[in-house]
């Protein structure tokens, strides 16, 4: 009887209300499913207090315990931040936050001399306000993650001043990319006619490929210093490994990631025959920038960050670096990057179609 009543009430709702409720229910269903999976993993972090037999030969109990406690804290933080994000999104929808922000955008653009006929201008103001709101509401979570969790486990290398400077720079660079791209996309939608979605999809595909191509060469260097990996045994070993799988390697860079965190990583980028490999300096035992005394006044950050460089000596041996890099190159060898691009674009096309 209850189910029949719910079905009847649902049928009486206007179409737009049914769509609204469906989107809200779907969003919460996805969140609850992901939260359930995360809860199961968090239970493993709590109960697995000894090194598993499979890892006994390669990991000591102290390292395992540090990793376990770190992942437990990260998982707990992810639960609360995810819950907040879901609740915030729901409240914005229920309280009419989006219409309010659109109206406010119209008022701002109107005061600047752009009337209602300038929809693209109003849309860009709306986008700017929305991303600014998101940045402000997400700031406390980012601060807590960096200066409580990462600091507690010895990974954070940032000072508060560097953090805010970096956040402002990221916001400005994001807007410099997002606003022009969005304006072009809206213009394509406006003039595209009945097949605007095809043109919009092709445009987003081209933009995605261009951004992937130029990111490491023109965008990432705005935040971190990239230097060529010095000649030596490690570079020779990397080139040999790349050649063994026909990876078209052209350059190997070291990125100064130690200004932010002592986490290590490696990645590759580039299309066709112009592939580059990037290693975080925290990954390298011999060339890590964090193992060297910074020059006074360099980049205007050293006086501020010296006190954060607590654990000077870090990094992996050459064979460990090759193992990490081998994992990344395995993605290329198996075509994971291209497959992911194709899957994402097909999914996006189906969505807009």
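Heads up, the Cβ atoms here are built off N, Cα and C, so glycines get one too.
Positions annotated as transmembrane segment by TrEMBL: 17-37 (among others).
Summarising the annotation, TrEMBL assigns domain 'CAAX prenyl protease 1 N-terminal' to 41-225.
Beyond the transmembrane segment (120-144), the same-chain residues lying 6 or more positions past its ends with a Cβ under 8 Å from any Cβ of the stretch are 77, 81, 84, 88, 101-102, 104-106, 108-109, 112, 114, 163, 167, 171, 174-175, 178-179, 182-183, 186-187, 190. The feature transmembrane segment is assigned by TrEMBL to 120-144 (among others).
Residues or ranges marked as transmembrane segment by TrEMBL: 171-189 (among others).
Annotation comment: TrEMBL describes 195-216 (among others) as transmembrane segment.
Among the features that TrEMBL reports, domain 'Peptidase M48' is placed at 228-346.
Summarising the annotation, TrEMBL assigns region 'Disordered' to 291-313.
Sequence-distant neighbours of residue 331 (Zn(2+) binding site) (same chain, 6+ apart, CB under 8 A from its CB) are 337. Annotation comment: TrEMBL describes 327, 331 as Zn(2+) binding site.
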